């Protein structure tokens, strides 16, 4: 790094209207789509874990608060759930909207609600297009929550958003929220290229940078490099940077409990399995049941 | 840090003509002058250490390769040495040039050579204004060398500059070069506010950020905040960022030896004292004697 | 204008994926929507002129190559035409897509095709989603064509786009394309605030800047300032800049004829009326009939 | 010009400390030096005109308020005047300071005062380094004054600076101030490449852009392209942009009279000759005698 360079916290782009949008340049959205693969390539482990728990608790309506291009929402629609999908990035949403339009003849897709919404104003945003509604489940998966960085260095924004997720749940409803195993990533200076969520067929190299301020990790930048040129020599050069707040397991667990006023049932999974089954998991998935 | 911010590796400014210049915006140069204080405020420890060793080895001509505003060079001039001072930053040099003009009636100042020069082309730059000259001593002090960042991630530029320093020394000549104790700064996430070089009378807070890429510290950013408002409520708000490559003691020692082809006498001091006298020094000072 | 400012050719934002998009920041799209008003506020003169000529020539399918938020396309849909709407700006298109979704139960809206497309690759883009189709009419109205600036100073891009418009027309088909009366704007240094296309209820001030290079007008920048605070004191401050290439009537007429190889019927209207009826029109509308 | 480009009002660089400095990137200063040529190449017409009038009025002390690299000041020093030279650009001044240092053995150069100063605070700046001094003459030549752009669109800054020039003059003292013939440049869209001030030996092409806002010329940008590759194929590519406020002769004449409260003797010359001798001059030179 040279002295007149800057360390950009994301690939160039521009925030969506009033909202932070790391996908605003459109390229990230397209490359991301390639990275996560086709919707029928969701890993079986993920699908079984999510739909299994939803059914076990009788959940019928699901709010996907980080729907992105819509891939998880469509998996749930296809499995018979009623889904409301929101995202702050209109560059991501346009892929979801296109998919919905193409399948509008199917009743589930005709009823699929897709809207722009911002976690910081989530209850109000939902009130605008669905007055008086609460959900059986809220999902915030695929390491999405960590996109929210810690602007004020006191996690006030994260805390507010978690409370908003709790607020739009019905009593007894479930929140699914995950984050990468940042504790391990910081210790090892590396990020697993394979994902538990999707079967990406291309080799992926992830360069991991950690910014440590006054001794405290404040930002993790992942430079994804996806090489699809084996398959197509003219393939777009697929490099982009996404930045994350590196949630430690302990601190995140406490913050999540506090968002439910310490009264939710809180289960933590490691790569969709019991915590003690996976020695060094890639992801932690928290499932909260609102009382 | 928010997702659409960038982490600038220095205060805004612009490089000098073709050279990286972290002081190019002029403000840093002024604030830095305030930080390091008046020239008669150099610490006695520093002065005794430097002039003591120079005299012990019979050095008369000194090349100051990071003269900045000229404060160290003037200390040496006042102590009777012949000094040639260079810097890559013309914003820094203009303070040195002004000081020289004001004292041009004194023979030493009349003979003081001040020029812009770039470490990467140092022998050629010197050949331009002083053909055929080598020096009894070269000094590169005040953590100056660490300003050179590692653009190519293989330290090639640093290695070339160290060789250039060796080249402009006479046989038997001395190179003084230092760096902060980055090993300790990275471990502790903090930087000592007090300096061994100058007696800054203002309280100084230094926010320390470390960028760790693939597990390896690549950049340390120090945000200096100097509060002079006790003395003058209208004082300029003195904040600026300087970035450094975080040389570890072992790696720097090896790189320095290699620049002299492994044949120089290499002594290392801790805060101007023998290494074993200072448990956790702020600075390491290397003194190389060219064979 | 101060010496260290820059003259930005548009409000800040970022181009859509690979395409120049002056509306990329989203704000312009929202403000523009306010500026042009509701769809039922299209002026009667405009509607009568356009649909009158389309019906007179038996046109049934219309390609709107600059559909923006979809307002003109919806006017045509409501009047019974089959419409394909494209735009290069996905920030504009998302408003059109939303409108289409809300009225998807109406057959015309269900059949309304909306896609991203780029004038420079228009035939290929259309071939992607509608293979083998040509249109009875192409419209490029509302001063849209002048958004294309003259990057190479030889109008090569404009010429290519006009040829592409001609290519997607059936023989006998009509191209409607307009531009502001830049001849008059340059002479007078002012832009009429009222539009022939829409009934904007807010006072609009348009600051007109002309950049003249080597004696030739190369760019007109319009700074729109829309004051909606009478109605809502919390209204968004509606200022934005759009830049245009200032087509002169004579030069544009020649360029358009050349795009049809000099063989189209070319009629020019002034504010929807015969040329000689309007002494100083705000807009010129060209209607080309392909042979 | 493409829609996502910006029209920069100068070559990239950065303002000197708190002052607008179009030469801040250093490159412009070097290229400018090449453009204006060696000091012994000042045109005889210019030298005869300036020193003739200064001597005729018994002027001994001259303040050069736009000394740049010092070329005019040195011409005056060599002709026996006492000179104080100021400029806001430290990148320009460093060339003047170097020239002074090299000739410091000559008494005139030893006494030559060179300082950074800002026209907007000129009397105070001078009071700092020369308390209580007024001058027999002030010169502001070489189209320097037009570098001051019209940030507030009411010429308040220009008016203040002209008053400052008048204030530092002794009663009976002379102000020499010039500007290009912008009236003609705007009409013709072109700038004469030859200068009345210096004998540049290289071919110079000047691309002239005029920004007209609400019908009023507000900015002229000159893109200088100096081709020195005939002489040296490795010569630096000499292109840079300088921006000017396009003073009209009538408006500037009125503004200048007002700065002296309408009581100065005001003579206007065209290319150093009487106004009626030159049909289309390149420059107007105003000479004011303070009462």
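Just so you know, glycine gets a Cβ as well, placed from its N, Cα and C.
Feature list (source: TrEMBL):
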{"type": "COMPBIAS", "residues": "D:1-14", "note": "compositional bias 'Polar residues'"}
{"type": "REGION", "residues": "D:1-21", "note": "region 'Disordered'"}
{"type": "BINDING", "residues": "D:23, D:32, D:42, D:66, D:87, D:118, D:119, D:141", "note": "S-adenosyl-L-methionine binding site"}
{"type": "DOMAIN", "residues": "D:62-173", "note": "domain 'Methyltransferase'"}
Fewest Cβ neighbours within 10 Å, where candidates are the binding-site residues D:66, D:141: D:141
Cβ atoms near residue D:87 (S-adenosyl-L-methionine binding site) (within 10 Å, other residues, all chains): 28
Residues satisfying Cβ distance under 8 Å from residue D:42 (S-adenosyl-L-methionine binding site), sequence separation of at least 6: D:71, D:72, D:75, D:197, D:198, D:199
Surrounding CB atoms that lie within 10 Å of the CB of residue D:118 (S-adenosyl-L-methionine binding site), all protein chains: 19
For residue D:119 (S-adenosyl-L-methionine binding site), the three-state class that DSSP assigns: helix
Close in space, distant in sequence - residue D:119 (S-adenosyl-L-methionine binding site), Cβ under 8 Å, 6 or more apart: D:65, D:88, D:148, D:161, D:164, D:165
Model confidence over the domain 'Methyltransferase' (D:62-173) (mean pLDDT, whole number): 95
